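Q: This is the feature table in Swiss-Prot:
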COMPBIAS  1-12  compositional bias 'Polar residues'
REGION    1-148  region 'Disordered'
REGION    5-128  region 'Several sort of repeats'
COMPBIAS  13-25  compositional bias 'Low complexity'
COMPBIAS  26-37  compositional bias 'Polar residues'
COMPBIAS  39-129  compositional bias 'Low complexity'
REGION    168-262  region 'Disordered'
COMPBIAS  176-198  compositional bias 'Low complexity'
COMPBIAS  199-208  compositional bias 'Basic and acidic residues'
COMPBIAS  218-233  compositional bias 'Basic and acidic residues'
BINDING   299-306, 376-380, 438-441  GTP binding site
MOD_RES   T373  phosphothreonine
Amino acid sequence: MANASLNGDQSKQQQQQQQQQQQQQNYYNPNAAQSFVPQGGYQQFQQFQPQQQQQQYGGYNQYNQYQGGYQQNYNNRGGYQQGYNNRGGYQQNYNNRGGYQGYNQNQQYGGYQQYNSQPQQQQQQQSQGMSLADFQKQKTEQQASLNKPAVKKTLKLAGSSGIKLANATKKVDTTSKPQSKESSPAPAPAASASASAPQEEKKEEKEAAAATPAAAPETKKETSAPAETKKEATPTPAAKNESTPIPAAAAKKESTPVSNSASVATADALVKEQEDEIDEEVVKDMFGGKDHVSIIFMGHVDAGKSTMGGNILYLTGSVDKRTVEKYEREAKDAGRQGWYLSWVMDTNKEERNDGKTIEVGKAYFETDKRRYTILDAPGHKMYVSEMIGGASQADVGILVISARKGEYETGFEKGGQTREHALLAKTQGVNKIIVVVNKMDDSTVGWSKERYQECTTKLGAFLKGIGYAKDDIIYMPVSGYTGAGLKDRVDPKDCPWYDGPSLLEYLDNMDTMNRKINGPFMMPVSGKMKDLGTIVEGKIESGHVKKGTNLIMMPNKTPIEVLTIFNETEQECDTAFSGEQVRLKIKGIEEEDLQPGYVLTSPKNPVKTVTRFEAQIAIVELKSILSNGFSCVMHLHTAIEEVKFIELKHKLEKGTNRKSKKPPAFAKKGMKIIAILEVGELVCAETYKDYPQLGRFTLRDQGTTIAIGKITKLL
């Protein structure tokens, strides 16, 4: 028995000496790997719990999956270096789980990647099904090679090893790059990293050995028995003490700069890539320097919006004379003789019979300087939701008011749509408005300057009150039926007191729109149809799109491919840019799975989706009061959703917008509040500060616009 215990002690001392030699040479200890049994080692591994999070691994289940044991599985993965890299490595996988960050706080590559060529070749030589005798023979050869004087070599990091990893992820790249930056310079940080490297390797080797039942008692004795081992093992408990509290700090020190630098690099690469794709000069050459402007005709019912739009199309040559004459004959036969120009815009039979626009009509025309899309909004209060959808796609608003006696008053007074349309246009981001005083040729008006001033004075005060700047409001007298003041200036004989530009003259010469052609692609879906495939339509708010581009449909995150692009004239084109009204034939989603309010977006920078958000809200019209639990309808870009007030957080003082300390119990007309709102389903939204077109909304209840708001925070 004494001889047996003596032999046992000698064999243990020999193994300890081998481990010390391997640690000095930075080599992996095959003894620990030889007898690894996952089922047995799991419980010992579980005793060490720096952050109690290694249970997520399922007990080495993700490493070996209990197939082939430690040695065989890691051989299959290409040795220790490849196996640990493919699995995320001790450093990566443990850091990701938050459990072993303390090990790698000074040396992110975790020690194993130092072994590079020799150990990997030796490990790869141990093929599947190697016998114990072959392994013992190879082990003795390895020990003999360890006894040779070591040749000093330059330490290689993972990034310089020259080995290509098939499953290497971005995380491997981002962690290896800062390592090379840290270790290549000679200052203190690099020195400390290299100095702590042996300690980290020893710690990891000990844990690998402790994971086997055979090596477990040896490890315990190593840390307490011989003096030599104590000298080397004393730093390890220190590392242990450091590792328990450090993971969070280590993550802040190391992970944050890496992720920040990686995200900055990614953002820079994305911007550069998109700037390379589209050049401003290419766009100018493609369209002859003409930019695109969407204009919306809005105002009270019977103000003359459709007639004016139809006349503009005729005057610019977008509709030929024969077509107009045909409409004139048909209108005369139907007893609607004066409506024939509006029939150019109102193509629906019901619209023509009633003389009311129901849907947002769309038409296209072009001048010498610009390309235009007309959005003809319905003026009846029953169709305000359609008007909101149209206004969300417009760049410039043309507010048509009738100068005819009685009609102006009806439209402007309470219950008329003139005020509401102007407010909704402002809410939807139409910041420039042209007030067109129509029907100036009417017998009750006769181009009267007094009547013109009466109309514009009242309306001007209202427009300034809802937020329009003085420079963004333009007034002009026109006749939509005769065409006076539309393309050519008004005849001085009829109107000697007005010498300003005509409507098209002003539109052609106003400031150029600021387009984000090279921004991330974003297009809210305003309509859909099925025509040998799924077709969506809308206005491109940001970026550009080409045939064959892969995009994502939010909020359901469906990947789609653009098959065909149709421009405003229904012609196929290869590319479409920010500001244009387009139809896209797409593949990857069915028409039934789509609805207006979805957003087609770039996969690199998708739009955010939420069910709850914080917003600043101004209540403009409310019969009673609203409080927590109040529900109404929200119009957000092209989306229409029911929304509920979850919490009224603050009341804002008039003038200063100072927040109240106590939350208000209710809100009423004229108040500004900050509240948390919730929708039933996911909606695509951004904060107003980041993307104004996706961060402003309108609230309606019982057929009335009760509030406008902007999103301040996504929750």
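Note: Cβ is positioned from N, Cα and C throughout, glycine not excepted.
Help me see these features in their spatial surroundings.
A: Of all the Cβ atoms in the protein chains shown, 28 others lie within 10 Å of the Cβ of M440 (GTP binding site).
Take the CB of T373 (phosphothreonine) and look out to 10 A: across all protein chains shown you find 22 other CB atoms.
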Q: Go through K305, H380, our binding-site residues, and report the one whose Cβ sees the most other Cβ atoms within 10 Å.
A: K305
Q: Determine, to the nearest whole angstrom, how far the Cα atom of G299 (GTP binding site) is from the Cα atom of T373 (phosphothreonine).
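A: Rounded to the nearest whole number, the Cα-Cα distance is 18 Å.
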Q: So of all those binding-site residues, D302, K305, H380, M440, which one's Cα sits nearest to T373 (phosphothreonine)?
A: K305
Q: So, in DSSP terms, is A377 (GTP binding site) helix, strand, or coil?
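A: The residue in question, A377 (GTP binding site), is coil (DSSP, three-state).
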Q: Measure from the Cβ of D302 (GTP binding site) and count the other Cβ atoms within 10 Å, all protein chains considered.
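A: Neighbour count, Cβ to Cβ under the 10 Å cut-off: 18.
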Q: What count of other C-beta atoms do you get within 10 angstroms of the C-beta of G299 (GTP binding site), across all chains shown?
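A: The answer is 28.
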Q: Helix, strand or coil at G299 (GTP binding site), per DSSP?
A: coil
